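Participant: According to Swiss-Prot, the record shows the following:
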- Asp83: substrate binding site (BINDING)
- 1-115: domain 'Tyrosine-protein phosphatase' (DOMAIN)
Amino acid sequence: WLMIVEQKCRVIVMLAKCFEAGKKKCQKYWSDSKETKKFGRVKVFNAEEVKYCGFLRRKFLIESVDEGITMKVFQYQYINWPDHCVPNTTSNLVRMHKYVIQCFEETGSDAPMVV
């Protein structure tokens, strides 16, 4: 989260689920919906979670104690990628890509996107 704050990143893209076939694949680095979780000196509030066909969009409010700033960060998580394989169709992934690009452009930020 320190990197997100330092670079003022507004969009995160995640292509994996935290668990697949009972095995941990990724550390969950965010709070549950409508909850705040502290990561060091950064607070992450999961303000909104919307499920689309094949992916989730989360809106986080990030507060940096050190920087004294609060910022909105959007996370897109593709949830239909099968373990050790490829999706049967690309339509949901392409749809998510369009949402990501639109969101990135709407932020008006020149900060990098985190993938």
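Each residue, glycine too, has its Cβ placed from N, Cα and C.
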Participant: Determine, from DSSP, whether the residue listed as 'substrate binding site' sits in helix, strand or coil.
Facilitator: coil
Participant: Counting across all protein chains present, how many other Cβ atoms fall within 10 Å of the Cβ of the residue listed as 'substrate binding site'?
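Facilitator: Counting Cβ neighbours of the residue listed as 'substrate binding site' within 10 Å gives 12.
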